[in-house]
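Beneath this line is the structure, given in structure tokens, with notes to follow.
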Amino acid sequence: MLTTLARASAMLLGARGFASAADLDKKVEMTNWEKGNYINYKKMAENLDIVRARLNRPLTFAEKILYSHLDDPHGQEIERGKSYLKLRPDRVACQDATAQMAILQFMSAGMPSVATPATVHCDHLIEAQLGGDKDLARANEINKEVYDFLSTSCAKYNIGFWKPGSGIIHQILLENYCFPGGLMIGTDSHTPNGGGLGMAAIGVGGADAVDVMAGLPWELKAPNVIGVKLTGQMSGWTAPKDIILKVAGILTVKGGTGAIIEYHGDGVNSLSCTGMGTICNMGAEIGATTSVFPFNDRMYDYLKATKRQSIGDFSRVYAEGLRPDENAQYDQLIEINLSELEPHINGPFTPDLATPISKFKEAVKENNWPSELKVGLIGSCTNSSYEDMSRAASIARDALNHGIKAKSLFTVTPGSEQIRATIERDGQLKTLEEFGGVILANACGPCIGQWDRKDVKKNEANSIISSYNRNFTGRNDANPATHAFVTSPDLVVALTIAGTLNFNPLTDKLKDKDGNEFMLAPPTGEGLPANGYDPGRDTYQAPPADRASISVAVSPSSDRLQILEPFKAWDGKDAKGIPILIKCEGKTTTDHISMAGPWLKYRGHLDNISNNLLIGAVNAENGERNSVKNFETGEYDSVPATARAYKARGIPWVVIGDWNYGEGSSREHAALQPRHLGGMAIITRSFARIHETNLKKQGMLPLTFADPADYDRIPPTAMVDLMCTELAVGKPMTLRVHPKDGASFDVKLSHTFNESQIEWFKNGSALNTMAKKAQ
């Protein structure tokens, strides 16, 4: 009898009696798409019993997932916020923009097959121009070289491959691969979407994915756990999205850093599984490691609807391991009464500027935001479920019944081929098209900047509103003057009808085709399709049985794919008299460090994509973007050109950064590029978690000012000495600053390196360290 499961009661989900070792010793496959990969609740329960005996305290659900996946539950040091956990994830998932570099790195490891189940999803390289099928056909043509590389490499290395048009990675994962209590890493920052099915799904850089695909344990600093207790029940215009919009306003873009957000309380049971996914998805915007919901009936219903009832039944047996213990302690607790929660709109330019709808009109006026709404966009990995589309269609139908349509431009991005086919069958797609919607491909599209926007000129101030998750400057359309707001699909549709930000559907009236006033009815929609899901077109490629004869060709003349050369090892010396490439002022996201949009096509070619290094960052010296002074010539040039000039002369350099440097996407290119162009260290007030790890993996030094105020003391034109020989666990490092005018001074720097990560730096990268051990 397993003690963890012996505590199980009949309280949850119809579970009856107690679970024994025999109850958990079953072969239930993780997914319908693979054979021989099983959910190992028995091993997870055994690991939890070992950890419980050691810690002797109640555990949060997040802790249960992590500790049940420990590589060494007997010997692992466990202290929230301090220890580095070595974990064994159940799965790895990559999207096509990050998969290229991950697979190129995996190839260099020389292994015949991935050691952990993995999938690749083609969703990032499809640009929104004319509409779904035409855009997909164009993407297949211009990205053929990359898709062929991914298809053949996946076949070669035993990786499941989801073709272009299949849908957005996170929707596909929720529909097919996520399971309660599992641990998955994904090379996309919105991987936490899987928390909607009770899975700890964590965004990582490609180098982390390579480690796990190669069979190594994955390292994660033991997160703190922030509890969000939900009470009451939502109604009317309030949607699940409003919960995370509210939480983002409370915690801000860095308030969740180093923590898992764990939702609990009676209010959880009123949310759909996909609604919970929405909330977890956007937890990435507050810096959270991931977000989770405990297993409940809504998750079971979703598993059943997606033809995975056997997983739901197995989860009911393991129910005790899929919820927090009574009296579990949280490092911070937030309470939200859903009965009182208002719809929210967040933005512009940052996802944590939260405004309830009742105050939004006033905020528009006070801040002089452009009130005319140019475009409304629904869909994306955050909000493209059947429930989202049904509720949006109900509002659109209400408008059509009154003889009016969308006043603003309106786009719809289905999250997957399954969603597209199902809403086509059930009529929501037709309603949204009649309303004026342009149906885009089942892909990321405008959410990640894959949008060939024509209705405004560059630098023309305008407003758009979307159901997306991220609204940084220029992210959607490369126009820094676009004021982008994020909200629920419901409010997007409502404001699109009005054509203005100065509309509150809870209080304001519209005019029908005859000039009569009316109010929109609150949205309605089923969480799951009554007639089941329609899978639509077959978009999956399984690895073949015979993989030995498959060859993965990369042309040496390709401008999109490039075989990687190992980075040089550290020379063992302090770096003296080196320049500051740029002192970044204000928000510096991974979009600023390595832009997406038109640059996505170079994600498999490190040298070419390095031509966008930090071109979006603001130079504190002159307030300009992509204009820095070469200390040798005294001339101003672009950031990449200046970095290349230093590299050609064998001169390493550093970057000075502000708060939460590297927030946003998980793209490891933002760490690979500075390393490739000769960078040695990034020194900031603070880092976003994924980017800090990515820099370490590539052999760079992510360092923080021991006193954040020292950021202001560093002249952008100063030369510096970096005492690399001081690098040791838990010890500060010294930065000696030599201003052009004035005396030199020392600044103390902090870091989070452990012993194994220091080896990455010494060897030149984590991949070099892996190769060295394999020799």
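Keep in mind that glycine also has a Cβ here, set from the backbone N, Cα and C atoms.
Keep in mind that what you see is a predicted model, and the values were worked out from it rather than measured.
Within Cys381, Cys584, the residue that Swiss-Prot lists together with Cys444, Cys447 for binding [4Fe-4S] cluster is Cys381. Comparing local CB density within 10 A for the binding-site residues Gln95, Ser189, the maximum falls on Gln95. A distance of 16 Å separates the Cα atom of Arg603 (substrate binding site) from that of Cys444 ([4Fe-4S] cluster binding site). Cβ contacts within 10 Å of Asn754 (N-linked glycosylation site), excluding its own Cβ and spanning all protein chains shown: 15. Sorting the glycosylation sites Asn337, Asn383, Asn471, Asn763 by the number of other Cβ atoms within 10 Å puts Asn383 first. The number of other CB atoms found within 10 A of the CB of Arg603 (substrate binding site), across every protein chain shown, is 27.
Nearest in space to Cys444 ([4Fe-4S] cluster binding site), taking C-alpha to C-alpha distance over the recorded positions Gln95, Asn337, Asn754, is Gln95.
When the Cα of Asn383 (N-linked glycosylation site) is compared against those of the recorded positions Gln95, Asn471, Asn754, Asn763, the shortest separation belongs to Asn471.
Mapped onto three states, the DSSP output places Cys444 ([4Fe-4S] cluster binding site) in coil. Take the binding-site residues Arg470, Arg667: by the count of other Cβ atoms within 10 Å of each Cβ, the lowest one is Arg470.
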